[in-house]
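Residues or ranges marked as transmembrane segment by TrEMBL: 12-32, 73-104, 116-133, 139-156, 163-179, 185-202, 209-228, 258-280, 292-311, 317-337.
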Amino acid sequence: MIKLIEKYPILSLLLFVIVMLGFTIDAIPVTIMEARNFISAREMLSDNNWILTTMNGEARYQKPPLPTWITAVFGYIFGITSVLALRWPALLFVASIGISTYLLSKKLELTKSHSLINGFIALTSFYIIGITIEAPWDIYTHGFMLMALYQLFLLFQNQKTTILRSLLFVLFLAGSVLSKGPVSLYVLFLPFIIAYGVAFKFKGGTLHFLKLFSLLVFGIVLGGWWYLHVRVADPETFSAIAQRETSNWHSYNVRPFYYYWSFFIQSGLWTVPAFISLLYPYLKTRVTNLKAYRFTFFWTIFAVILLSVIPEKKSRYLMPVLIPLALNIGFYMEYLIREFKNLKDKKKRFLYIFNLV
């Protein structure tokens, strides 16, 4: 079974999500955030409000429309009243996070088994699953961003801006912006860039980085066309909503700076391994790829710091941190598996498993 999973890693990650949630997730009651998405999707189909999005007939510009477009398409094909069908797109984006985590791990020069462990850790982290119900827009924006970051990592490593990689980077980046604005740019992209610079150092000529910066700007502009259109088509409503939303950043759900310091518990069953994986002095001498571990460690830490700076705080905002954290946890799990294989005495193996559990 393990050999079969390693032979078809991407398919295995996809099937894992489908088997785990694909046919039972409709048993969970619809949340308020989901209901808003479903109502807007229904009105896209019934009233043709694809651009100037509405909810119960009133303008709703708080969130960009891409996730609702995708939901509406699934609703059109499988039935707008089917909760299971309307939740499937979010589940596919959960699978995309596991797959992108696996692919990025491979490019970090980790073994196939280690990369698969990382992928499965991401898929079984509590809030990566929970966010699909609580705030479905988040899984889209961070899913698209992780795909974009994978392409960016290849552009960094190869020091070439090939047409295919550049195009995919721009499209995925635009998809992220069109899913929830600049949120993922701040909490995933920016700490990724900082961590990459710390761990790998930026290599390449000035022209290469000018091209990358141009791609970044182009992706943001491409993803931001909807905001401009709504701003021109319905300026008064758009301005009122934008003002209300931005005021929430410093006046609504304000929490102290240290509010997110227990972020690792959001990984659910991985809480203890997550905490240990963050003990850098302990684990740095036990990992097989120190440079990659430093990268995932700093990516996680910088993401938490950047989130902590924002006055408005909610537990669900931590969801994107679980992506680099899954990579980080993988180093500790790989170390445990490696040490277990080195134990020859059966009694010691039993005690090792007992203590681990």
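Heads up, the Cβ atoms here are built off N, Cα and C, so glycines get one too.
Packing against the transmembrane segment (116-133) from elsewhere in the chain are residues 5-6, 9, 12-13, 16-17, 20-21, 25, 28, 31, 34, 87, 90-91, 93-95, 97-99, 101-102, 105, 110, 139, 266-270, 315-316, 318-319, 322-323, 325-327, 329-330, 333-334, 337: each is 6 or more residues past its ends and has a CB under 8 Å from a CB in it. By the Cβ criterion (under 8 Å, sequence separation of 6 or more), the transmembrane segment (258-280) is in contact with the transmembrane segment (292-311), since 3+ such pairs are found.
Note on the transmembrane segment (185-202): residues 142, 145-146, 148-149, 152-153, 156, 176-177, 209, 220, 291-292, 294-303, 305-307, 317, 320-321, 323-324 of its chain, located 6 or more positions outside it, place their CB under 8 angstroms from a CB of the stretch. Panel annotation: around the transmembrane segment (163-179), residues 64-67, 137, 140-142, 144-145, 147-148, 151-152, 154-155, 185, 211, 215-216, 218-220, 222-224, 226 of the same chain, lying at least six beyond its termini, place a Cβ under 8 Å from a Cβ of the stretch. Recorded stretches compared: 12-32, 209-228, 292-311, 317-337; the one with the most Cβ pairs under 8 Å to the transmembrane segment (73-104) is 12-32. A Cβ distance under 8 Å defines the sequence-distant neighbours of the transmembrane segment (209-228), meaning residues of its chain 6+ beyond its ends; these are 51, 64-65, 148, 152, 155, 161, 166, 169-178, 181-182, 185, 202. Tertiary neighbourhood of the transmembrane segment (292-311): same-chain residues 108-110, 186-188, 190-192, 194-196, 198-200, 249-251, 254-255, 257-261, 263, 278, 280, 283-284, 317-318, 320-321, 324-325, 327-328, 331, selected by CB-CB distance under 8 Å and a gap of 6+ residues from either end.
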